[in-house]
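A short worksheet on the structure shown next.
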Amino acid sequence: MAEPKIATVANQALSVLLPYGTLIFCSSVLAIILVSDGLERWLLPRLYGKVWAALRHGDKQRRRHALTRHHLFLLVMLPLSLVGAYPTFDFLVTRDDLSAPLAAGHQHRTSVTIGDSLFTLTHIYTAYYLFELCFYYKFSSAIVIVHHIGLIIVAQVALVLFVDLQAHPEATMEFYMCLIWGLLDITVKVPQFSAMIVRQVKDSDRTSARIAYACCAWVLLGAMVQVAVTAYLLNRSWSRWRLTWRIVVPIILSLWISTQLEVAFKLARMARFKHPRARRDIEGSNPER
């Protein structure tokens, strides 16, 4: 059985863009702020009309922010996934050379490397979570806030480690793990948030209950897959990690899994709240009663 790349990948330089990381990160945050403002001021009111107008009044502010957040996540992460699919899988599965050109098969090679693209995409990914942490913290639980803080710190540390490869022999392995976690995070949340948008727009308790149950099961499945994949990768590369990272990586994983379990619990509670009302609707519409 072939070893996973994390067991054999060499510690190597990530990108020549490393000195410009702060500029890329700040620019990403500002761009996400502008996109979010455009959603709330222009696109969503026109897209949902009466539904959006109803969410602007009373105690429905949380639902309005959730609808904005779900759309913003999809607007940021879907293009990020499409652009990043090739370099991510190229590094995770096929080649293990971050300095390889992004378009190696073309007649005129590009000067952009796999590492350059992954470096930039990682900054955009963490910029989204910094924005979410700053603007939606009032509607987040303590676990979610700690999760976002941990995600931002871990992703940025994974990039900073490349500054001194001799002092940080786990730099490339840590970056590899971050790519795996980010890939799983997006894979779980894109279907979940898409379904939650449908749930908010559809004025049906029965539909809401079914969507919440389905999302709960999907999130739990994602958590189990993340634990299994991380455990497997750590097992195959355990001897390459120093003691500090043998402690830190499982703590990071437990923090992220705790967040997913909390989300699954909230979805299950939401489904239970909606389900009795949906059942009464069904019974009330039964012509044989």
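Every residue gets a Cβ built from N, Cα and C, even glycine.
If you look up TrEMBL, you'll see 17-36, 72-92, 112-131, 143-163, 175-198, 210-233, 245-265 marked as transmembrane segment.
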Where, among 17-36, 143-163, 175-198, 210-233, 245-265, do we find the most CB pairs under 8 A to the transmembrane segment (112-131)? 17-36
Determine which residues of the chain contact the transmembrane segment (143-163) at the Cβ level, with the cut-off under 8 Å and only residues 6 or more beyond its ends counted. 13-15, 18, 21, 25, 119, 122-123, 125-126, 129-130, 132-133, 137, 170-172, 174-175, 177-178, 182, 252, 255-256, 258-259, 262
Against which stretches of its own chain does the transmembrane segment (17-36) lie, if we need a Cβ under 8 Å and a gap of at least six residues from its ends? 68, 72, 75-76, 116, 119-120, 123-124, 126-128, 130-131, 135, 156, 159, 162-163
Residues from the same chain, set at least six apart from the ends of the transmembrane segment (210-233), whose C-beta lies under 8 A from its own: 4, 6, 176-177, 180-181, 184, 187-188, 191-192, 195-196, 198-199, 249, 253, 256-257, 260-261, 263-264, 267-268, 270-271, 274
